[in-house]
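The carbamoyl phosphate binding site feature in TrEMBL is assigned to B:R74, B:T75, B:R124, B:H152, B:Q155, B:G280, B:P281. Marked as L-aspartate binding site by TrEMBL: B:K102, B:R185, B:R239. According to TrEMBL, the feature domain 'Aspartate/ornithine carbamoyltransferase carbamoyl-P binding' maps to B:22-164. Feature annotation from TrEMBL assigns domain 'Aspartate/ornithine carbamoyltransferase Asp/Orn-binding' to B:172-318.
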Amino acid sequence: MTSKQQSSPHQFPDGSDAFPHRHLLGIAGLQPWEILFLLQEAGQWVDLNRKSSKHASRLEGLTVINAFFENSTRTLLSFEIAGKRMGADVVNMHAAHSSVKKGETLIDTAVTLNAMRADAIVIRHASSGAVSLIADKVDCPVLNAGDGSHEHPTQALLDALTIQRRKGDISGLTVTICGDIMHSRVARSNIYCLTTLGARVRVCAPPALLPAALDQMNVETFTDFNAALDGTDVVMMLRLQNERMSGDFIPSPREYHHLYGLTRDRLALAGEDALVMHPGPMNRGVEISSDVADDADRSAITEQVEMGVAVRMACLDVLTRRSRKVEGWS
Amino acid sequence: MTSKQQSSPHQFPDGSDAFPHRHLLGIAGLQPWEILFLLQEAGQWVDLNRKSSKHASRLEGLTVINAFFENSTRTLLSFEIAGKRMGADVVNMHAAHSSVKKGETLIDTAVTLNAMRADAIVIRHASSGAVSLIADKVDCPVLNAGDGSHEHPTQALLDALTIQRRKGDISGLTVTICGDIMHSRVARSNIYCLTTLGARVRVCAPPALLPAALDQMNVETFTDFNAALDGTDVVMMLRLQNERMSGDFIPSPREYHHLYGLTRDRLALAGEDALVMHPGPMNRGVEISSDVADDADRSAITEQVEMGVAVRMACLDVLTRRSRKVEGWS
Amino acid sequence: MTSKQQSSPHQFPDGSDAFPHRHLLGIAGLQPWEILFLLQEAGQWVDLNRKSSKHASRLEGLTVINAFFENSTRTLLSFEIAGKRMGADVVNMHAAHSSVKKGETLIDTAVTLNAMRADAIVIRHASSGAVSLIADKVDCPVLNAGDGSHEHPTQALLDALTIQRRKGDISGLTVTICGDIMHSRVARSNIYCLTTLGARVRVCAPPALLPAALDQMNVETFTDFNAALDGTDVVMMLRLQNERMSGDFIPSPREYHHLYGLTRDRLALAGEDALVMHPGPMNRGVEISSDVADDADRSAITEQVEMGVAVRMACLDVLTRRSRKVEGWS
């Protein structure tokens, strides 16, 4: 398995010769060159995926377990396709069928997956911190596919890759993230990722959905969406979860759309050629209007999905290099 | 990937050199030679599947997504096995876990699957026309695995292959289809397929389950099953859906069996050696009696299942030839 | 496919040259040398699974269907990983989506899976005897992954392999199985397996959970756990099913723990270095206390999971040798 082609050009200014992290639990704590390294690695998989035959053999003979304790069709599909395209044996563990329902502790589940000699475990869980808890108990790399309102690092990486390919260097760009900032792991991971890469990040939300902890993050906060849009290069809309739509946080979807929905008129307030993004699935007519979502020039929403598979292929590849004994990664 | 062995003998009297359709959305509109071409292609996979090692590499490196918005164990298994035996990376998207539940539009789901660079998408959906809607939005071939009461083309093809192997030339045969004709996509696709291939088709149902639109189809209609059976070469029984069993359409399963169940006595009214077929799963004792279903000489029900895998292998192969740049299919 | 390396050293004192059984429906009826042969075969897969690249090609081109009519995350994962590591095309049939729900008979389901040309079918079912019923109707090997309160043979094999690796020869060891003996297929398979291999087996349960039929089995019965532990080499705890916890069988989980829970104090009554086992998932604080479960020296619970994958790889390999025409297995 040791092979020269599998190692990557050195990119690490601190003198280390390889991505130093065992797991991908979040974006917080990653250095800018580490993020850029993962984005560069993902680039090659974008190219492969556009070919008719899109199969790599790097992970051949490895077992990747997708342990989804919280349902997510898109993210699971994306990771499953990524693992299979890399040649791995991929198995999905669905929460709905899981022994967690029989009262098994999360740690016991982790130890079980580990004992089956998984080479990478991808985990989605409704509780913040659950993924980190599992990572402490296993011998293989763990990839966080979203945990509670904590982090969703591959989402931030795919968003960064999308911006990079459309806008070039992320450093110096102004990015506005609008929606339920308080509960969003997508927002949190993106804030870490984009500020680390040197972007100016604005967050915008109704007052009830704007967390207090933002003081420590290097962002500007807005409650007026029109003001937040002024001159921005990228507008990143968040999905409004159904459970927030009626009741404590939002008066109604219609009201929300009126104040925080991205419409064509409102988009005109942003910078010329501002990019429109959304992690999906969209609530059309709530946080985003259909004409904006479907604008082939401005919307990068479909491209985000495509970048997602490539980013996950890269992460699976990079994190398993040590166990695969790729040259320079021992 | 371009290879001579992968192309097929020319069979197209109109001078075209390859199966001209991008998708398989239904049987309606297919020419007889196009249907016969697919049946001939399926033949080789029947042979392969009977071997101990039953794996082809034609679809290696391709991603096939089975997007089942309506549950169906048998059809999903059949397509999954077909895709894997052809060497593809196969992923299943289960409706029950899907973001459709989160309110995502069907079109957005289609665009998402497409952005993940699927090479073929197999779709089952409870609404007639949903599959065609998706096909319009994606770059890859779409195979209809059953949409509402519209079409179920691979079922008709596997039925035709079964008849062909048991009875020889389909042209000139008399085929009686009995059951809930009104709501059955299996009946509809079979009527198109069999009449196109030159069979005489009779349909038989209780008056409340016989659609008016049959006038435009080239079939004879019956409400008396005994009369419909007279001299027929093939008897194709439809599954009586549970939701029709009590209430508006059928007085009771027992009554239905009395009037429309295929029993040994009734089968004697059909032609000598008449073939018995059923798409499964059967309601034994309702639309078919067990002694008829299990009659090794007359019943082709098990063979239908076997032909199903082969037909789906053929369809996946044929429809991806353009993207695989098989010689003669550009 | 015929190859010399794939055949195994002869081990069968009765002069036969290969494992003589078509299916693995239970441990009852297996000869000691047959069990030892399967354990020896599993050993090589333990070694493979500990490598970074853990893929064999023996089952390449074969289709393995996991038909789970009863949910079980762990056992399904273990069989799925085993099949994929052996190179097979593995498909899972989930009961929750199955046509069994549409009223199809079990036999019809079996015939359908068979017609799809499965090369091995792994079945889990809530009814004792259901797996055997299916085995009678199909052409390929059937592996019982647990049927009702009848047998769970691969669990007994993985338990035996774990004991063998920790304790050496099983013959002469004293093994105490404690818990709901009456309803436990794990207990039943282990009793057959361990007594066949020459161990002294003690079973211990509350009187209401001790079956009468044990008279015919070669075991000692206890209702006092402390007495049962005296001098035992291996303590095998069974999972207390939730449905037994309140009501007819057990006064309460707390009461059960008091009388039949394996605690550190109680473990001291067993032989020095007695091994602690549990098939999982555990109810910590009910049948076993956490300090015992997590004792790295005494507890083999994690190792059992690991052995499970290896044992299932061995069973899939051995049972398909005839159809793969491995030399000496015709």
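Note: Cβ is positioned from N, Cα and C throughout, glycine not excepted.
Those TrEMBL annotations? Automatic predictions, nothing curated.
Since this is a predicted model, take the numbers as computed values, not measurements.
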List of the binding-site residues B:T75, B:R124, B:Q155 facing chain C, defined by a Cβ pair under 8 Å: none
B:R185 (L-aspartate binding site) versus B:Q155 (carbamoyl phosphate binding site) - Cα distance in angstrom: 9
Chain-mates of B:R74, B:T75, B:R124, B:H152, B:Q155, B:G280, B:P281 with C-beta within 8 Å of site centroid, carbamoyl phosphate: B:S72, B:S78, B:A145, B:G146, B:V186, B:P279, B:G308
Those residues of the chain, 6+ apart, with a Cβ under 8 Å from that of B:R185 (L-aspartate binding site): B:S128, B:G146, B:D147, B:G148, B:S149, B:H150, B:E151, B:H152, B:Q155
Where the record names B:R74, B:T75, B:R124, B:H152, B:Q155, B:G280, B:P281 as binding carbamoyl phosphate, the maximum Cα to Cα distance in Å: 17
Those binding-site residues listed as B:R74, B:H152, B:R239, and which of them has the most Cβ atoms within 10 Å of its own Cβ: B:H152
Set of same-chain residues at least 6 away whose C-beta sits under 8 angstroms from B:P281 (carbamoyl phosphate binding site): B:R74, B:R239
Integer mean pLDDT for the domain 'Aspartate/ornithine carbamoyltransferase Asp/Orn-binding' (B:172-318): 94
Those residues of the chain, 6+ apart, with a Cβ under 8 Å from that of B:T75 (carbamoyl phosphate binding site): B:F68, B:R124, B:A145, B:G146, B:T154, B:G308
The domain 'Aspartate/ornithine carbamoyltransferase carbamoyl-P binding' (B:22-164) - residue tally per DSSP class, helix then strand then coil: 66 helix, 26 strand, 51 coil
For B:R185 (L-aspartate binding site), the three-state class that DSSP assigns: helix
Entry from the binding-site residues list B:R124, B:Q155, B:G280 having the most other CB atoms no farther than 10 A: B:Q155
